[in-house]
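So that you can see what the record holds, here are the features copied from Swiss-Prot:
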- HIS268, ASP270, HIS328: Fe cation binding site (BINDING)
- ARG338: 2-oxoglutarate binding site (BINDING)
- 17-35: compositional bias 'Polar residues' (COMPBIAS)
- 248-347: domain 'Fe2OG dioxygenase' (DOMAIN)
- 1-35: region 'Disordered' (REGION)
Amino acid sequence: MSSEQREGSQETTTTTVEGNGTIAGQNSHSAAPTTLRATSTMVSCQRLRLNPNNEHRPDSYEDLQLDFPNSVYSSLEKYLPPNMLVSNRDEKIKFMTDIMLRHLPHGERSRAQRHSDYRLKITTNYQPLHKELYTLVPTVCFVPAFLKAINENTEESFRNIISEPSPGVFVFDMLQPSFCEMMLAEIDNFERWVGETKFRIMRPNTMNKYGAVLDDFGLDTMLDKLMEGFIRPISKVFFSDVGGATLDSHHGFVVEYGKDRDVDLGFHVDDSEVTLNVCLGNQFVGGELFFRGTRCEKHVNTATKADETYDYCHIPGQAVLHRGRHRHGARATTCGHRVNMLLWCRSSVFRELKTHHKDFSSWCGECFCEKRDEKVRSIDALRKKLFKPRQTQA
């Protein structure tokens with residue numbers, strides 16, 4: 001079967017790829033490791049504020065391994081009752097953790113605890129090769145032009161470094177070659193440790209059989225900083241319609257393609273609001289990303305329109321940023337070995353709002369066409385009504 005035929009067959013049914021480095025279907029906010037556990041005796045009758053106290057400056061939680069993403073604690077702190085705002089950090093953590101755990105079904109709590117134990121086994125036994133990777137140093141990670149655009153933090157500065165070769169697909173140079181090399185070496189070191197210890201690791205998602213979850217071996221804090229300080233400002237400008245301004249959790253991982261690895265990736269959508277995909281390198285042939293339009297859940301398997309077709313060729317250090325609901329896949333890597341780092345960025349606010357909406361025409365290509373066609377029909381009907389010819393009497 002040719003690559004074109006294979007791609008055509010893949011487009012008949014679009015898969016939603018789930019992945020938190022956990023059991024499929026796990027809540028996206030329950031995947032982070034735990035060092036502090038809230039007990040059932042900690043239940044408080046105090047209620048959260050209905051509106052955030054935006055004048056309050058939250059504590060930093062970046063130095064801790066917690067039940068939920070560090071950024072969730074910083075965001076939730078603004079909703080704490082007044083007497084809790086003046087409490088010490090440990091008391092606030094216990095209070096917030098208990099609230100969030102109480103809203104998890106019992107099965108989810110058990111899965112979260114098992115995954116916490118799994119991560120703890122890794123972080124207490126795995127010895128990092130490049131410890132500098134675990135704290136985000138912008139000048140070490142990013143190319144100067146990208147840093148300059150982030151520091152200026154305007155739409156104009158972003159557009160100066162970003163191209164949009166197809167609607168909703170944004171491409172820009174991002175990572176330093178030296179950083180990519182360190183990441184590749186760290187991944188090799190992790191896989192070597194896995195092989196030597198025969199430790200069974202969880203794969204990134206439900207489609208990739210190879211690769212690793214970066215959050216599981218200690219890079220979650222670094223990736224949180226990457227999302228909050230560098231991806232969210234860009235997403236606020238280009239993906240405001242899918243919660244780009246309110247990204248508050250992530251799933252970070254690497255995937256590997258080539259000989260003795262995954263070969264290609266079928267047509268799918270991601271479990272994210274915004275996806276960052278960066279090629280880390282190694283020599284390879286093939287592996288192009290093919291994009292086929294953004295769709296809501298209702299229209300995920302509808303036909304692709306001519307202007308929605310785009311193929312992207314990977315370049316080491318170059319980033320691709322797109323909506324998670326942008327349908328895509330990866331063609332076969334026919335030679336060599338390709339490694340990509342992905343960050344699925346999620347917004348709990350957008351996910352909650354989405355449950356109350358049916359019109360996604362601002363980002364779903366099919367919803368947009370349906371709304372446009374309905375508008376045309378309404379105008380035609382009104383025109384016929386207003387300009388209905390008068391009947392002459394005999």
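The first residue you see is number 1, and the count goes up from there.
Glycine too: its Cβ is placed from the backbone N, Cα and C atoms.
The structure, with features from Swiss-Prot marked on it.
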residue	record	DSSP (3 states)
HIS268	Fe cation binding site	strand
HIS328	Fe cation binding site	strand
ARG338	2-oxoglutarate binding site	strand
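Taking the C-alpha positions, the distance from HIS328 (Fe cation binding site) to ARG338 (2-oxoglutarate binding site) comes to 18 Å. Rounded to a whole number, the distance between the Cα atoms of the residue listed as '2-oxoglutarate binding site' and ASP270 (Fe cation binding site) is 20 Å.
The sparsest Cβ neighbourhood within 10 Å, among the listed binding-site residues (HIS268, HIS328), is found at HIS268.
Comparing HIS268 (Fe cation binding site) with ARG338 (2-oxoglutarate binding site), their Cα atoms are 20 Å apart once rounded. Here the domain 'Fe2OG dioxygenase' (248-347) has, by DSSP, the following mix of helix, strand and coil residues: 3 helix, 63 strand, 34 coil. With a cut-off of 8 Å between CB atoms and residues at least 6 apart in sequence, the same chain places GLU256, TYR257, GLY258, CYS279, ASN282, PHE284, GLY287, HIS314 near the residue listed as '2-oxoglutarate binding site', listed in sequence order.
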